[in-house]
Structure formats: structure tokens, C-alpha cells
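A.B. asks: For reference, the structure I am asking about is given below.
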Ligand SMILES: C[S@@+](CC[C@H](N)C(=O)[O-])C[C@H]1O[C@@H](n2cnc3c(N)ncnc32)[C@H](O)[C@@H]1O
């Protein structure tokens, strides 16, 4: 019989009440997706300039590049957009990103304790945490709404420029000394948290918002999430997704994305290319179901469909629980 995860929060309770999807070998849709990627990579390996024979390729937006080139170019994008990132988020999404982020964090209710174990300590790792939007919400929920000062949050990001903006904003925006004391910063690649010293089974809640589509090796990042979470710990991801179920809305949304966002990037941030990449990376990210299957393949148990669509699927929340015992 499958082990049931420990219940620590409303998010976990809602996961456990739905039929559990259990870890299993590569699912059909993931296999199809990987096969397509492999075929494309083989084709492109012969045509892509700059890729030496044998070096693995991946996508950077709509371009095919070597893995090392992708890592460098993603770093370039976020170094370039760091200062204008928060203003651009509001302009590009008409402020919707704030509503999605509020909903994401509320659904996880950080710091919520049981009457038998009040103010239970919790370690939250906010991966690709950038300028701190998610981490600050975690701290507000835990320390203010749930009156639990024993919740610590680490903002982890590969990019020092984004972390520098996050540090500056933390000093300005966190009103309580307990919140500022509970916040730490970590420069780390999400696909290799071991290199940054994050131990096995040390994290209660792993969050990643609008970050994972930028990773060079998403399955490696999911494996790392699984490794660093405690048994019963929760993986939660907020990411742009597919609004295909609503064709008319989707057509308007895509037209807006591809025409307006790079233009706004050019006018406001003086950087068209970075925003062109951001739009293309959204288009290349797997569907809700494909990403859910990747989470299951990493060993997580998901409840129900495993995801929640926001604004017709423009964004989606995926959650998974690390089981108490691996099957
Ligand atoms: C679109 S921003 C999201 C920032 C923040 N989570 C938010 O929701 O506002 C994406 C972030 O992912 C980070 N990132 C990209 N690749 C990464 C990797 N391999 N490991 C960790 N962070 C990465 C970037 O540096 C950037 O800060």
C-alpha cells in the first residue's frame, strides 16, 4: 500500500483528499515529449552553429543552443532585466502576476501550525526567487497572518544581480525585524543545489515561481527538489502555462505576448531581445499535463489533476508531495 504523506498544512490536506498519483516510470506523454525533443536535438545538432559535436543542445526561446550557451544567455537576460524586472512584470501582465502570486502563497498557507504543535518551525526554500516577491509573501503569511515567527525563508537564485535587487527590496519592504532575521539569500543553480551545500531532506516547502522554464535541465531541478525536501514536504510551482482550452482568448493573448511584450521591453527597459526570449520561453514550456507527469516522474505524489489553472491557463500552479517512503 502507498505510504501517505504527513499532513502539515491546508495545501497538504487538499492534496491528500484527492486520489493520489503515484511515482511511476516515464509516462506516455513525457516519453513522447522527450522523443520529440531528442529528434529535434539530433536534427539541430548538425545545423546549429557554435555547437561542437557531442555537446547536448536545448532551446533558448525558439533557438537551439548548447546547454552551456543556454545557461550563459539566461544569465545575460536576467542580469539585463534585474533593475526593471518588477516594473516590467506589472506592465506585461496588467498587474495579474500579483494576484497569481497572492493566490499561490495563500494556497500554501506558510507557517500554519496544528493546535498540538503551535508555531512549528518550517524552512521554506524559494528557488529562482529573484527579487523576492514570493519570499516576502511567505514571510507575511507566516509571521503576520499565521503568527508563526519560526518560519525561515531562503531566496535562492543563480543570478547575483537579481539577488542584489532582492536584498535591497527586503530592507525596504519587510516591516518586522523577525521577518528580516528569518530571511537568507543563496546564490545557487537549481539543477545542482548540492554544490551550494543544501543538504538532503532539509526543506519543508520548496517553491518556484516563473523560474523553472528558464532552467537548462528541468528534470534535474525536479530531482534536486525531491532530494532537498523532507518526506512529507511540498513542491509548489507557479509558471506560465497553456491557455489552449479557450481558442479565442488564447489567440488574443498570444498576439499580445508576441507583439506588445518585446515592444514594451524595448521602450521601458531598452531591451527587446530579453523580453522576446521571455515570450518564446513561455511558448516552449510543456503543457500542464506534461509538466505534471515530469513532477510525478521525479517521485512526487500529486492530488487530482495535479495542477490548477489560473486565468484560463495563462499560468498554472503545480503541487506535489514527497512521500514518506519511496515506492
Ligand atoms: C522570471 S524570474 C522569477 C523571479 C521570481 N520568482 C518572481 O516570481 O518574480 C526567473 C528567475 O529565475 C532565475 N534562474 C534562471 N535559471 C536559474 C537556475 N538554473 N537556477 C536558479 N535560478 C535560476 C533567474 O535568475 C531569475 O531570477
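Easy rule for this one: first residue shown is 1, then count along the chain.
Each Cβ is built from the backbone N, Cα and C atoms, and glycine gets one as well.
Pulled these features from TrEMBL for this protein:
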REGION    26-67  region 'Disordered'
COMPBIAS  44-55  compositional bias 'Polar residues'
BINDING   131, 157, 189, 190  S-adenosyl-L-methionine binding site
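Have a look at these and tell me how they're positioned relative to everything else.
C.D. replies: The Cβ of residue 190 (S-adenosyl-L-methionine binding site) has 127, 128, 156, 158, 208, 211, 212, 215, 221, 224 as same-chain neighbours under 8 Å, each 6 or more residues away in sequence.
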A.B. asks: Does DSSP put residue 190 (S-adenosyl-L-methionine binding site) in a helix, in a strand, or in coil?
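C.D. replies: It is coil.
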A.B. asks: In Å, how large is the greatest distance between any two Cα atoms among 131, 157, 189, 190, the listed binders of S-adenosyl-L-methionine?
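C.D. replies: With 131, 157, 189, 190 as the binding residues for S-adenosyl-L-methionine, the largest Cα distance is 16 Å.
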A.B. asks: Check the DSSP secondary structure of residue 157 (S-adenosyl-L-methionine binding site), expressed as helix, strand or coil.
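C.D. replies: Going by the DSSP assignment, residue 157 (S-adenosyl-L-methionine binding site) falls within a strand, counted as strand.
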